[in-house]
Amino acid sequence: MLNLKDAALFRQQCYIDGAWQDADNGESQPVRNPSTGEVLGTTPRMGAAETRRAILAAEAAWPAWRAKTAKERAGLLRKWYDLMLAHQDDLAAILTAEQGKPFAEARGEILYGASFIEWFAEEAKRIYGDTIPEPVAGRRLVVIKQPVGVVAAITPWNFPNAMITRKVGPALAAGCTVVVKPASQTPYSALALAELAERAGIPRGVFNVVTGSARAIGGELTANPAVRKLSFTGSTEIGQELMAQCAATIKKISLELGGNAPFIVFDDADLDAAVAGAIASKFRNTGQTCVCTNRLLVQAGVYDEFARRLSDAVSRLKVADGFDPDAQQGPLIDQAAVDKVEAHIADAVSKGARVLVGGKRHARGGTFFEPTVLADVTTGMAVAREETFGPVAPLFRFETEEEAIRMANDTEFGLASYFYSRDIGRVWRVAGALEYGMVGINEGLISTEVAPFGGVKHSGLGREGSKYGIDEYLEMKYLCMGGIGG
Ligand SMILES: NC(=O)C1=CN([C@@H]2O[C@H](COP(=O)(O)OP(=O)(O)OC[C@H]3O[C@@H](n4cnc5c(N)ncnc54)[C@H](OP(=O)(O)O)[C@@H]3O)[C@@H](O)[C@H]2O)C=CC1
Ligand SMILES: O=C(O)[C@H](O)CS(=O)(=O)O
């Protein structure tokens, strides 16, 4: 099925306490290639009992793992990173087969995912504390940082490699141990990471991967008091459920949820740069990223020209199977995703929008969809309020800077935002006024391991990556020493 150089990377069992295991009841669930519909294999359909064992393994491994020096943990993470790079093509092939994205994009995700392991291997050695001038003579005050403990990570199908390493990298670097539940549609990338972690020498129980019933596994991960931290990437609806489930045990929580990114083109923008940025921001992963542009707000003076140039560029995007060397747009993850895209287009057209390019299922069939540009879109349409999570670029028109900011902020989401302008005063005014965790200014691709990734409002809590990302896996402790004398 998969033409891998190292077939041992394709694992169809879960990884718990350093052992590859089936579900207790022997049940399994199929994993399909979204491009062809073919069954790639199966993974165990585990539930609460197996998850409890994984948590116990992580708890048992924690004392020895946290007792290692930061340098020792960094060395093991570095070996894991080196193995990811050495197996980049195989990891990318597994990813394209189970998620559908073009192979070149999958290779890029492996580098992006590995960068979090590299970055946090370095950050491990810089977990500094504080000394505080004593307010009372004879005392010494210090602050130290310690690992939070056993971490649960629940991750999505759209970045099956990077969304795991963006959590597991800082967790392990901080001295925590982890139980990961990957998306059922894309489990093989997670299991390949477990295979490489074992080869890197990461001790048994430190990194565990369970697949199966989301509700049963999630129920155990959120209720078990041994789990002290939950990190989730996925829909806002599920993030809200998990946050509520964690309340009973007061877990530390990070949420990276949905978005509704505005992409604002002002009349002083470099239009060629804006078109290139819109293509990159809107159509990466066939529009299936939480930071994808969801609404394009274009100032009236450049609306028609921008619409013409963007439509021309979109019409040239190659829709193909991810293993086709020319592929630029792969399939959507499943039929539900196609249904949502079609519903958004139908709603917009019924309320007066015009289809400039695309607008319907692709001739390839299955879950392939034509990259689409809509004009004359208005705020009463579903695409203005809901995350499409597909290859649809809706163009809204605005007159003034104030109107653009008001439209951009008119959403409960606040993850990524983008705007194009060459006026320095406008750049600072708009960047300050946008209610988002991240702002791309004359750039459509801004995600990197060195900067804090995350949102506000219904887009989540906390930050991933950057020097801030490791704090999510640390607890701060204040020591007050008396009787020092002198
Ligand atoms: N912020 C982001 O990066 C992402 C946002 N999304 C948004 O979410 C929408 C739906 O996508 P989808 O993949 O279904 O996202 P979900 O939020 O449903 O799934 C994300 C992860 O959560 C798990 N999950 C689902 N329900 C539960 C539960 N009750 N308890 C514990 N874990 C659970 C899933 O497991 P399983 O796969 O087994 O269902 C998966 O591992 C997308 O259309 C998009 O709008 C989706 C993916 C990423
Ligand atoms: O969840 C996502 O969609 C990713 O976080 C987007 S990115 O980090 O690859 O930009």
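For all residues, glycine too, the Cβ spot is worked out from N, Cα and C.
Per TrEMBL, the feature domain 'Aldehyde dehydrogenase' maps to 20-478. The region 'Disordered' annotation in TrEMBL covers 21-43. Annotated compositional bias 'Polar residues' per TrEMBL: 26-36, in sequence order. What TrEMBL lists as active site is Glu256.
Long-range Cβ neighbours of Glu256 (active site) (same chain, at least 6 residues apart, Cβ-Cβ under 8 Å): Met163, Phe232, Thr233, Gly234, Cys290, Leu415, Phe453, Gly454, Gly455, Ser459, Gly460, Gly462, Glu464.
Per DSSP, the secondary structure of the region 'Disordered' (21-43) breaks down as 0 helix, 11 strand, 12 coil. Mean pLDDT of the predicted structure over the domain 'Aldehyde dehydrogenase' (20-478): 98.
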